[in-house]
Amino acid sequence: MTQPHLTIVQHPLVQHKLTIMRDKNTSTAGFRRLLREISLLLAYEVTRELDLTTTTIETPVCQMEAPTLEGKKLALISILRAGNGLMDGILELIPAARVGFIGLYRDPETLQPVKYYSKVPADLDLRMVIAVDPMLATGNSSVAAIDLLKEAGAKNLRFLCLLAAPEGVARMRDAHPDVPIFTAALDERLDDHGYIVPGLGDAGDRMFGTK
Ligand code: URA
């Protein structure tokens, strides 16, 4: 089945939790808890297309051919640092997932993302690979992270975020039309500082209590 390029997860629980996260009066602890909860619901959607096979088991009543996930464990890739907040919740749902990290900073002169850290699981070509970053804003770092993952062999990729701006979605669609994006909401635009509007502020600062 072909995936749409952009999936907005319209579940009422997701939308409700997101509203509380957007509220500037929500505490760091509350924000973190909601992010973990919402990431479980987003993970449910993003993994919908995982392949199944069957295995023979014995229930207390009889033998059966029961569905089970096929192939290698999926790989979750956190785009540092805010990606870690989304990843923690997903790992509760998929504890056997392999985990990787990509760190990028913005070169102050060229304004382009530059890699400072990358450690990803082996055999990316044989796994579903889900890159996670709560905010898809300009799309520059997301595109760079997906570039790196493709160079490392990834073929079956998804990008999971909490909020997306139209600018970031367009940038991803141009650079990586084969990578479906999953988000809880598509906001209006970016402001002059690259913040998503209405957004929720700096996701890393909100989840780690930094400023
Ligand atoms: N990154 C954030 O944390 N927030 C935004 O609004 C945009 C990028």
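Backbone N, Cα and C atoms are what each Cβ position is placed from, and that goes for glycine too.
Taken from TrEMBL, the feature 5-phospho-alpha-D-ribose 1-diphosphate binding site applies to Arg81, Arg106, Asp133, Pro134, Met135, Leu136, Ala137, Thr138, Gly139, Asn140, Ser141, Asp202. If you look up TrEMBL, you'll see Ile196, Gly201, Asp202, Ala203 marked as uracil binding site. The domain 'Phosphoribosyltransferase' feature in TrEMBL is assigned to 9-210.
Shown on the structure are the features that TrEMBL records.
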residue : record                                              : CB count, 10 Å
Arg81   : 5-phospho-alpha-D-ribose 1-diphosphate binding site : 15
Asp133  : 5-phospho-alpha-D-ribose 1-diphosphate binding site : 28
Met135  : 5-phospho-alpha-D-ribose 1-diphosphate binding site : 27
Ala137  : 5-phospho-alpha-D-ribose 1-diphosphate binding site : 24
Gly139  : 5-phospho-alpha-D-ribose 1-diphosphate binding site : 24
Ser141  : 5-phospho-alpha-D-ribose 1-diphosphate binding site : 24
Ile196  : uracil binding site                                 : 28
Gly201  : uracil binding site                                 : 15
Asp202  : uracil binding site                                 : 15
Ala203  : uracil binding site                                 : 25
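Met135, Ala137, Ile196 are the binding-site residues among Arg81, Asp133, Met135, Ala137, Ser141, Ile196 whose C-beta comes within less than 6 Å of an atom of ligand 1, given in sequence order. Secondary structure at Gly139 (5-phospho-alpha-D-ribose 1-diphosphate binding site), taken from DSSP and collapsed to helix, strand or coil, is coil. Cα separation, Ser141 (5-phospho-alpha-D-ribose 1-diphosphate binding site) to Asp202 (uracil binding site), rounded: 15 Å.
Within 10 Å of the Cα of Ala203 (uracil binding site), the following binding-site residues from the list Met135, Ala137, Gly139 place their own Cα: Met135. Computed over the domain 'Phosphoribosyltransferase' (9-210), the whole-number mean pLDDT of the model equals 95. Excluding Ile196, Gly201, Asp202, Ala203 themselves, the residues of that chain whose CB lies within 8 A of the CB mean position for the uracil site are, in sequence, Pro134, Met135, Leu163, Tyr195, Gly199, Leu200, Gly204, Asp205, Arg206. According to DSSP, Ile196 (uracil binding site) is assigned to a strand segment. In the three-state DSSP assignment, the secondary structure recorded for Ala203 (uracil binding site) is helix.
Nearest by CA distance to Gly139 (5-phospho-alpha-D-ribose 1-diphosphate binding site), out of the binding-site residues Ile196, Gly201, Asp202, is Ile196.
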